[in-house]
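What TrEMBL says about this one:
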- 9-27: transmembrane segment (TRANSMEM)
- 10-105: domain 'Mur ligase N-terminal catalytic' (DOMAIN)
- 115-216: domain 'Mur ligase central' (DOMAIN)
Amino acid sequence: MVSNEKIKSIYLIAICGTGMASLAGLLQKSGYRVTGSDTNIYPPMSTLLKSSGIDIKPGYQRKNISDDIDQVIIGNAVSKDNQEVLAVQEKNIPYISFPEAIKKFYLENQKSLVITGTHGKTTTTALLSWVLHSAKRKPGFMVGGWMKNFDGNHAISEGEFFVSEGDEYDTAFFDKGPKFLHYSPFASILTGIEFDHADIYRDLEHIKDSFRKFVNIIHP
């Protein structure tokens with residue numbers, strides 16, 4: 001994995017997803033040159049990206065993958081036969097998943113606070129982010145919704161905490177484990193567990209197994 005210090009240009013495949021767009025905004029604010037592509041370009045995420053000066057390329061085309069890209073981040077809805085993915089692999093450009101990118105760029109020197117559970121993640125993440133902000137702790141955060149208090153959905157940490165949503169859905173075509181196993185949790189709020197994501201989980205017990213794995217990696 002290429003070191004952050006050597007990375008200047010980052011490209012996100014499926015940049016208009018809620019999480020990917022927030023990550024793109026964070027990376028842009030962190031000083032990286034950020035571009036990306038998607039087939040579903042519409043507000044509010046397209047507006048957020050354009051207001052941040054991030055170029056969005058419509059559709060997935062090999063020509064979008066230029067030789068000056070240092071790091072590619074691939075969304076979980078992207079398939080292995082995506083034309084841009086194939087171009088990235090042919091050019092041997094390093095690529096990682098969305099949760100791997102959060103860990104790589106924003107969790108290494110932070111206390112990772114992960115909000116997880118079947119329902120209520122976005123609301124609870126927003127609440128905790130606001131509580132920490134109000135307590136002058138200057139947290140970093142990524143929230144899967146627009147927060148009027150912050151007039152946004154992400155912030156770079158100026159303190160010791162980073163708050164994120166821990167999704168139990170799979171990570172990427174090259175990593176079928178749950179996203180939340182990448183977040184190195186210092187502490188977590190688990191809102192509740194119900195059967196969901198029938199496309200990847202057999203039953204409630206199967207989902208519980210994933211959450212047990214997550215709970216076992218919490219290290220305060």
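All residue numbers here begin at 1 and follow the chain in the order shown.
The backbone N, Cα and C atoms fix where each Cβ goes, and this holds for glycine too.
Predicted-model confidence for the domain 'Mur ligase central' (115-216) is 96, expressed as mean pLDDT. Broken down with DSSP, the domain 'Mur ligase central' (115-216) shows 31 helix, 33 strand, 38 coil. Taking H, G and I as helix, E and B as strand and the rest as coil, DSSP gives the domain 'Mur ligase N-terminal catalytic' (10-105) the counts 38 helix, 21 strand, 37 coil.
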